[in-house]
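The structure under discussion appears below in the form of structure tokens.
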Amino acid sequence: MLAVRNNILLLLFCLVVLLVFAQSSFLPPCEPVNETVAVEKEGCPKCLVFQTTICSGHCLTKEPVYKSPFSTVYQHVCTYRDVRYETVRLPDCPPGVDPHITYPVALSCDCSLCTMDTSDCTIESLQPDYCMSQREDFPVY
């Protein structure tokens, strides 16, 4: 009876390892990727659209079958590990409005808890190149 139980446990372990390997081999890893983003500022009539590097990809997460009101589930997301900050100037801002926007550029990424300081932690966010005002594409040299 003990041998049967051990064989079942071994089989379950092998299935879990196989599923993790299969899942991670078909989904893109968490890494820096080039993306078109838009930045805008209240008071400036145009948003600026340009290419930068963001973090994107798959992180292994666990969702418990039994959800207890006494325990908290922490999901890991693909987010910034190391960043560099760059500044762009928005076009046509009126006098008295600072036309500069500073944004993070991903140098490396990591699967960790979502930090609202550097990431959009919402379930369904707007696309990164969404503009509420008139678009102006930043020239690519």
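Cβ atoms here come from the backbone N, Cα and C positions, even for glycine.
Candidates considered were Cys14, Cys93, Cys109; Swiss-Prot assigns the disulfide partner of Cys55 as Cys109.
Here Cys44 is paired by Swiss-Prot through a disulfide bond, and of Cys93, Cys111, Cys114 its partner is Cys93.
Per Swiss-Prot, the residue from Cys47, Cys78, Cys114 that shares a disulphide bond with Cys30 is Cys78. Look at the Cβ of each of the disulfide-bonded residues Cys44, Cys47, Cys55, Cys59 and count the other Cβ atoms within 10 Å; the largest number goes with Cys55. Annotation for the disulfide-bonded residues Cys30, Cys78, Cys93, Cys109: lowest Cβ count within 10 Å of the residue's own Cβ, Cys93. In the three-state DSSP classification, Cys59 (disulfide bond) falls within coil. The recorded positions near Cys109 (disulfide bond), taking a 10 angstroms Cα-Cα threshold over the set Asn34, Cys47, Cys93, amount to none.
Cys78 (disulfide bond) has Cys55, Cys59, Cys111, Cys114 nearby among the disulfide-bonded residues Cys55, Cys59, Cys93, Cys111, Cys114, counting only those with a Cα within 10 angstroms of its own Cα.
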